[in-house]
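Annotation comment: TrEMBL describes Thr165 as active site, nucleophile. The substrate binding site feature in TrEMBL is assigned to Arg193, Val194, Gly195, Asp196, Thr216, Gly217, Asp218, Gly219.
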Amino acid sequence: TAWRVLESGGSELDAVERGCGQCEIDQCDGSVGYGGSPDESGETTLDAMIMDGNTMEVGAVADLRRVKNAIGVARKVIEYTRHTLLVGESASLFAVRMGFPYEDLTTQKSLSLYSEWLNQSCQPNYWKNVVPDSSKSCGPYKRREEVTYKEEQTSSQRSVQNHDTIGMVVIGVSGTVASGTSTNGAIHKLPGRVGDSPIAGAGSYADSTAGGAAATGDGDIMMRFLPSYQAVEYMRMGTDPTVACQKVISRIQKYAPKFFGAIICANTTGSYGAACNKIPGFTQFHFMVSNPLLSRPTEQVVDCI
């Protein structure tokens, strides 16, 4: 969809918006768009961002409720406000003012996912240092007086099955770069949780003087390292896109060796690459490429490191 937009004369931002928007409509992997990844209260909320690598403008929404076209709303943040990120109920009100309809993001599938989770004593979840024991029962939880700071290394394992993102980098014929993301976030997240996807430099980053990158995976860990920004800066220094991606993954590995994550990178000449962290159940990363050298959109695969 994004490639067809470019071929018909659309801008790089148009391509990102339409491409990510198609995934929202298709509910890609159940992890993008409506009807997937219900939070602890059973509600599906959306995060998205879009970035213009010429002007460095970013539009983003997080915890968006009752509006399906999150990437479209993010684009309107650029076009009609001087802001970068709108969140929650206020983002939804903005969307309605921009002409987007209120729609229920809940489906029979998301309701069944929520029901199954409740029947499994709310496992898995994202709580720690609380009572009752969050590994055995549902809340409501209260904080435990004695806090232990050991990082849980189980969240990444479950993320392999239950969380992903559509991330996109578009390089125009003149080298102009745009990027974007859209996701419904981590399944069974705490209401109000925002991951890496709508955060500039974390979920994606675009700079028409260097390149673009987009990340997917365990956003709670990955956003702490601004991987997309870091990858673009490596490419600015002349690093090959594949190596730039690998360096970013290696940097996170030092602190969270079992994290689930991957990143795609492309520079202004159209060279591209990707990298991922190797963990059980996730040893390869698949991504799609369209360019003038390929007759059709083509799936590429890299081995994780």
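Glycine is treated like the rest: Cβ placed from N, Cα and C.
Features per TrEMBL, on structure.
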{"residue": "Thr165", "record": "active site, nucleophile", "contacts (Cβ under 8 Å, 6+ apart)": "Ser31, Val32, Thr181, Ser182, Thr183, Ser197, Gly203, Ala214, Ala215, Thr216, Gly217, Gly219"}
{"residue": "Arg193", "record": "substrate binding site", "contacts (Cβ under 8 Å, 6+ apart)": "Asp39, Asp63, Tyr126, Gly185, Ala186, Asp220"}
{"residue": "Val194", "record": "substrate binding site", "contacts (Cβ under 8 Å, 6+ apart)": "Asp47, Ala62, Asp63, Val87, Gly185"}
{"residue": "Gly195", "record": "substrate binding site", "contacts (Cβ under 8 Å, 6+ apart)": "Asp47, Thr183, Gly185, Ala186, Lys189, Gly203, Gly219, Asp220, Met223"}
{"residue": "Asp196", "record": "substrate binding site", "contacts (Cβ under 8 Å, 6+ apart)": "Ala202, Gly203, Ala215, Gly219, Asp220, Met222, Met223, Pro227"}
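Packing around Gly217 (substrate binding site) is summarised by its Cβ count: 27 other Cβ atoms lie within 10 angstroms of its Cβ, all protein chains included.
Binding of substrate is attributed in the record to Arg193, Val194, Gly195, Asp196, Thr216, Gly217, Asp218, Gly219, and the widest Cα separation among these residues amounts to 16 Å.
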